[in-house]
Amino acid sequence: MVQSAASPGSPVTIRVSAGGGGGFRGMGLTSPVPRLSLSNNPRSPAAGRSRRASSGGGGRYSAASKVAEAEEEVSTDFVHYTVHIPPTPDHPLSSASVPERSYVSGTIFTGGFNSVTRGHVMDCSTDDPEAAAAGGAAAKSTAMVCAMNGCDGEVFSLRNSKLPCECGFMTCKECYQECAGAGGHCPGCKEPYRDESSDEDDGDPHRVLDEEEEDEQVLPLASMAECRLNRRLSLMRSTKIPNHNSDFDHTRWLYETKGTYGYGNAVWPKTGYAGGDLHGFEDPPNFGEISRRPLTRKVGVSAAIISPYRLLMVIRLVALGFFLAWRIRHPNPEAMWLWGTSVICELWFAFSWLLDQLPKICPVNRVTDLAVLRERFESPSIRNPKGRSDLPGIDVFVSTADPEKEPPLVTANTILSILAVEYPVEKLACYLSDDGGSLLTFEAMAETASFARIWVPFCRKHSIEPRNPEAYFSQKRDFLKKKVRIDFVRERRRVKREYDEFKVRVNSLPESIRRRSDAYNAREELRARKRQQEEEVNSGEPIKVPRACWMPDGEHWPGTWPSGEADHSKGDHAGIIQTTVVDTAGVDTRLPMLVYVSREKRPGYDHNKKAGAMNALVRASAIMSNGPFVLNLDCDHYVYSSSALREAMCFMLDRGGDRISYVQFPQRFDGVDPNDRYANHNAVFFDVSMRALDGLQGPMYVGTGCVFRRIALYGFSPPRATEHVGWFGRKKIKLLLGHKLPSMGKKKNQDDVLEEEDEVGDVENQLLLPKRFGSSPALVASIPAAEFQGRLLQGTQGIQQGRPAGALAVPREPLDAATVAEAIAAISCFFEEKTEWGQRVGWIYGSVTEDVVTGYRMHNRGWRSVYCVTKRDAFRGTAPINLTDRLHQVLRWATGSVEIFFSRNNAIFAGRRMKFLQRVAYFNVGMYPFTSIFLLAYCVVPAVSLFTGKFIVQSLSATFLSFLLAITVTLCLLALLEIRWSGITLHDWWRNEQFWLIGGTSAHPAAVLQGLLKVIAGVDISFTLTSKPAAGDDDDADAAFAELYAVKWSFLMVPPITIMMLNVIAIAVGLARAMYSRFPQWSKLLGGVFFSFWVLCHLYPFAKGLMGRRGRVPTIVFVWSGLLSTIISLLWVYIDPPAGARDDSTMAFRFP
């Protein structure tokens, strides 16, 4: 261990148990100094422990050193360590020693219900003090080596014993001279090196500065003490004056900088602006130009397209009205039951079409300006002289649950794409939620963090797109296009070799874990037998040794075991947090923070599937990083465009962005067959319906690829909202709300929770927040900080309470052990008891489609959302190309819609802050599965018509055919115009129509049945996780789309197969009837055959999926199918012969 001298800072004692065997090293957190309690909950594992002392702007960085003698009496099974606080501008240390080891990075923290929070140090040994000291010395010597790749020279320091750059990036003298000569930028933080001579004179405030030094001088900034922010919010402070007063002395600032008011001072530079008038004076710069330029623009659809589109909607609506009226007034007396069934179905189809079409009347497109975002938030300014990034922080959530169905390599590629995005690394944190608590996922994440140190710099140096290594190396295009650096080919070859080795290591992890666990379990069994022999116990019973899962350092894995032992099963295991923190003192700082989280699960608690896992990440991230914005991704959805996060920030930080709750990106998919047989791209929904909703109150949340405002996830109302009253919401009432809290009344049932808007209390009311968010002071204190960081800049038009520029220019403070211990308590299974998590706060519980409900609640509170369609796809994922998997996916979505329809989340009960057409769109979400009932009946009607010789109308009159033609033509013209303004293809539209009927006759009826069983009988619904295809070689087309041809039987296939058989046989029967009839009714035959052919055309992809691989179906199958249909049709004609075809003497058929 690395020893450290005593410090006047407050220490935190860490106890690391050294017990061997199969035990688990525990690190209990205690403190000899009384501090504020972390938790008010007596059952919380953090209750009674210490909380970090609050200090404005001061950092808390945990390090450990071995204590020689302890004052208190402890057992011999523990060794004491002390975590010291590093020097800060507010609390400088008297000792010159600096802690060198952090027990946050590389430490697994576990805890939960009725258990002590423990920390397992992965790479430390406490058995041999001498070895520990030697290891510390080796670590120290290793840390003092040049951090440049391929260089191991001695670290170079300036004459004042400081490193060349403030970021602490270590370089040797040769590398420093090379970097300084190549532009003077630090390879770590990418900022210019500061002049050494300027540092030597920092202490003299009366030193006369020249013009160049005036521009580079860091000036004291105005204090933000009046904001009463949380201590975890980093504010921009002066680095020149250690004991700087909180109030900004403008007079002193002018004196020290020799500044003046008006033209020529530090605010109004003399150079940098060309131009001038006839008298030779330069034009004053327009400082408001950048602030007035918008970050986003709304581009409407061309009037030449949208006007005919709306006109055709009206024409088709009128035609449907006249057609239905004519159908009702002209029944078919010969087949009233057939006529009645068809009329009822047609009425419902017209109503369903109206619900789907009304929200499409005002589609919009949006574009962003990333250059303005860079100028406004990453350029030097008065409050940000060095031009450090002033963008807010973003926490990225990646969720996974089963490493068998969601391969770790797919998750690893997603994490690598996140770590390499074009966003400030100090503002980005990635959280991986492993709801299965699998050691395989944990070790795959560790391998990913190791490979990221090679992959991320390579991506940023050469502007690699996409930044998913599997997707990048699998591209078929020329990878040398637009590459100008001569070292690119060499480095790409090296990174490709490293990635291949990385894939082999990840793919071999299951076997490696199994062998390791078998070896350790065999050792434990031998020890148990030896112990039994030493104790001379001959009980005759076999020795029972738990089949544990072991980590590489010989300790039990605290998560789930394959054997499913007590406290180590999928529904019963402790909470786990492991953080990969970059040491800002001696390591490259270009990697964001990566956190592994596995929430605690115990029997008897409802863990609420994915929604519960997301809420656990919200709480843990609020305590650890507290980014004001949150991006959630599925494990198979990776970042395809490295600027996607910046695109989202353009909407959030632009004028009116404080009313935006989330920015939804479209879902795009890789690995879909070229013909898109089962409409996996879902282009009509993502490019037509979602664009249309963007013109109303915003698109729906679809579960992934969405950037949230954290304060909106907490259930607060927007600062401004509009109430829509009167018929169709034509009267608008504007409200100025601010962020408020709900009234704390009696407890309500989950389905009875309405969006009560009579709210009282302010965001900073700390007395009411714990009742809503739980008994975690750190979590409650993070809420106002997140709200402040998410504000728009001061000076934005229409904003009264904005944040000052430069307030977020300093990175967040490092983590310490006490913070992680509090996060462990926040992900425990009992934390949500008697709180509003899942009811109003976070992801909403009670539905399989928690995403739609969560977005609905935000829109119902008055928030808006934005649909961001980027030029380059922002995210890409995988879709189930197998027919059975696709049907089960649609079944899950439809069942969630049925649950929404029978709950208080039905749009009928929406508040007045939701627009009328937005309410129609949400109502259609809960209504569309019920269309399947009428669709099933309508698909059977043509077959019944052919079997009986009757039709839905008495005769095919000219009026009926005219109405039918008008409805069909207007539908086709509407589709063509939708293709024009949305950018989809005709093939996408037709595939969507086909799968609408496939899903409507298979998954949707089952969803209605399951939803009714849950509502009426209380039968719970469980779904299996959709399998994600593993990353592999796609050179072989047959291997790439092998799942497409696999036939997996499911009960969902029964209705479509039945409908196909009925219609095929009915066509054969109708033709045979016409052939053997003396007076064939060709009009009725043509009508029935036309509608049956319409049904079969829509079901063609389904039939093709049943046939398997192309060319694998024997010809005899088609021959026998034709013969079978012919025989059945002849039998039907024999049983019910047509009029005039019966011979009374022979009762036989007469062939022509």
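Each residue, glycine too, has its Cβ placed from N, Cα and C.
TrEMBL does not curate its annotations; it predicts them automatically.
The active site annotation in TrEMBL covers ASP435 (among others). The Cβ neighbour count for ASP435 (active site), using a 10 Å radius and every protein chain shown, is 23.
Look at TrEMBL and you will find ASP851 (among others) tagged as active site. All protein chains considered, the CB of ASP851 (active site) has 24 other CB atoms within 10 Å.
Proximity of LYS609 (UDP-alpha-D-glucose binding site) to non-local residues of its own chain (separation of 6 or more, Cβ distance below 8 Å) is seen for GLU850, given in sequence order. Per TrEMBL, UDP-alpha-D-glucose binding site is recorded for SER399, LYS405, GLU406, ASP435, LYS609.
The feature Mn(2+) binding site is assigned by TrEMBL to LYS610, ASP634. Using a 10 Å radius centred on the Cβ of ASP634 (Mn(2+) binding site) and all shown protein chains, the other Cβ atoms total 24.
Per TrEMBL, region 'Disordered' is recorded for 1-67 (among others).
Residues or ranges marked as region 'Disordered' by TrEMBL: 193-215 (among others).
As annotated by TrEMBL, transmembrane segment applies to 921-945 (among others). Proximity of distant same-chain residues to the transmembrane segment (921-945), defined by a Cβ-Cβ separation under 8 Å and at least 6 residues beyond the stretch ends, is recorded for 338, 341-342, 344-346, 348-349, 352, 355-356, 359, 689, 693, 696, 700, 852, 856, 859, 894-895, 897-898, 900-901, 905-908, 910, 914, 951-952, 997, 999-1001, 1004-1005, 1007-1008, 1011, 1055, 1059, 1062-1063, 1065-1066, 1084, 1087-1089, 1091-1092, 1094-1095.
If you look up TrEMBL, you'll see 951-977 (among others) marked as transmembrane segment.
Residues or ranges marked as transmembrane segment in TrEMBL: 1057-1076 (among others).
TrEMBL lists 1082-1103 (among others) with the feature transmembrane segment.
Marked as transmembrane segment by TrEMBL: 1115-1135 (among others).
Rounded to a whole number, the distance between the Cα atoms of ASP851 (active site) and SER399 (UDP-alpha-D-glucose binding site) is 14 Å. Each of the binding-site residues LYS405, LYS610 was scored by the number of other CB atoms within 10 A of its CB, and the lowest score belongs to LYS405. Rounded to the nearest whole angstrom, the C-alpha distance between ASP435 (active site) and ASP634 (Mn(2+) binding site) is 13. The list of residues near the transmembrane segment (1082-1103) in space but at least 6 beyond its ends in sequence, with Cβ under 8 angstroms from a Cβ of it, reads 677-678, 883, 939, 941-943, 945-946, 949-953, 955-956, 991, 993-998, 1001-1002, 1053, 1056, 1059-1060, 1063-1064, 1066-1067, 1070-1071, 1073-1074.
Of all residue pairs in the UDP-alpha-D-glucose-binding list (SER399, LYS405, GLU406, ASP435, LYS609), the one with the greatest Cα separation is 16 Å apart. Per Cα geometry, ASP634 is the residue among the recorded positions LYS610, ASP634, ASP851 nearest to GLU406 (UDP-alpha-D-glucose binding site). Across the structure, ASP634 (Mn(2+) binding site) and ASP851 (active site) are spaced 12 Å apart at their Cα atoms. Neighbour count (other Cβ atoms within 10 Å of the Cβ, all protein chains): 22 for SER399 (UDP-alpha-D-glucose binding site).
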